[in-house]
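Lifted from TrEMBL, the feature list:
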- 112-321: domain 'TLC' (DOMAIN)
- 332-370: region 'Disordered' (REGION)
- 78-97: transmembrane segment (TRANSMEM)
- 118-142: transmembrane segment (TRANSMEM)
- 162-180: transmembrane segment (TRANSMEM)
- 192-209: transmembrane segment (TRANSMEM)
- 247-269: transmembrane segment (TRANSMEM)
- 289-311: transmembrane segment (TRANSMEM)
Amino acid sequence: MAFRRRTKSYPLFSQEFVIHNHADIGFCLVLCVLIGLMFEVTAKTAFLFILPQYNVSVPTADGESVHYHYGPKDLVTILFYVFITIILHAVVQEYILDKISKRLHLSKVKHSKFNESGQLVVFHLSSVIWCFYVVVTEGYLTNPRSLWEDYPHVYLPFQVKFFYLCQLAYWLHALPELYFQKVRKEEVPRQLQYICLYLVHIAGAYLLNLSRLGLVLLLLHYSTEFLFHAARLCYFADENNEKLFSAWAAVFGLTRLCILTLAVLAIGFGLARMENQAFDPEKGNFNTLLCRLCVLLLLCAAQAWLMWRFIHSQLRHWREYWSEQSAKRRVPAAPRPAARLIKRESGYHENGVVKAENGTSPRTKKLKSP
């Protein structure tokens, strides 16, 4: 990992060199862009990497405000923040997760899952706070009709566009991290599934101008995911602590229901009643019956797949639990050792001497020979 004190050196630009120094390489590239801000010749190009592009002045009741729309130059900005995310990933891994995992003495499988959940807890917590702030300040919670009114939402505030660019940068950086972190082959397909799902949904909301609805749905989903990964970290610290898993199981189904309800309400009813139902990519209008059906089918299929995985994991967990309980009941109790019978001489003891009941000595008398 980056920023470590290494005792072994690797050949320059070899596979191991890139893996162990990928964050340092990314830091050098980021530093070159920041140095470009210091010179007038390269400042304009450096701003292309750092700041969102395509800003326009939109007239409002109070005057004019600066808004943004998307374009091909966003790919350059996303690439820059991919390197920023790789650096932050290495910092969290090196200075937080590695120090905690050394104290827990986890196995290889648990250590891999601990690192995954640790990174996602930090990301989901920061995303929930940021997303909640954006949703509240833009008034999307107090006015739910704004999720579909005035569609298409081509012009975005700065914080909305920057949020989407950072989200895309994070999930794009997760792809090379599978190689840098040396994730086990058994774990790669599972992680690729949810990475691609995130990229498709976030990019779809951004490109189809459904950014307002996407923010609210991400807020709901990220809250549940944060609870799950926090519960898994607590389980690795103490295997008897499963209270957070119970809370997550109760919230998971409710979150899926809220996401489906909100999506059907905004797309199936809200956009269907809008007047501008025409396919016009130049104006950013995708409000047609076919587009709405495709978006709803994608959302419903993703939520159904998540719910099926949840039910399958819960059934497997309960099956393992009841098998353990039945195994404990089948274990026979250890047989008690038989009590030793102590043969006592007839009579009673008096001053340590055994006497017969009639007062005579119980010992047999020797007969004298004549």
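Along the chain as shown, residues are numbered 1 onward.
Even glycines carry a Cβ here, placed using N, Cα and C.
All annotation found in TrEMBL is predicted automatically rather than curated by experts.
Sequence-distant neighbours of the transmembrane segment (162-180) (same chain, 6+ residues past either end, Cβ-Cβ under 8 Å): 19, 22, 52, 74, 77-79, 81-82, 84-86, 89, 123, 127, 130-131, 134, 156, 188, 191-192, 195, 198-199, 202-203, 205-206, 211, 214-215, 218. Per-stretch counts of Cβ pairs under 8 Å to the transmembrane segment (192-209) identify 289-311 as the leading one among 78-97, 247-269, 289-311. Same-chain neighbours of the transmembrane segment (118-142): 89, 92-93, 96-97, 100, 157, 159-160, 163, 167, 170, 212, 215-216, 218-219, 222-223, 225-226, 229-230, 233, counting only residues six or more beyond its ends whose CB sits under 8 Å from a CB of the stretch. The average pLDDT the prediction assigns to the domain 'TLC' (112-321) is 91.
Residues of the same chain lying 6 or more positions beyond the ends of the transmembrane segment (78-97) and with a Cβ under 8 Å from any Cβ of it are 1-4, 22-23, 26-27, 29-30, 33, 49-50, 114-115, 118-119, 122, 165-166, 168-170, 172-173, 176-177, 180.
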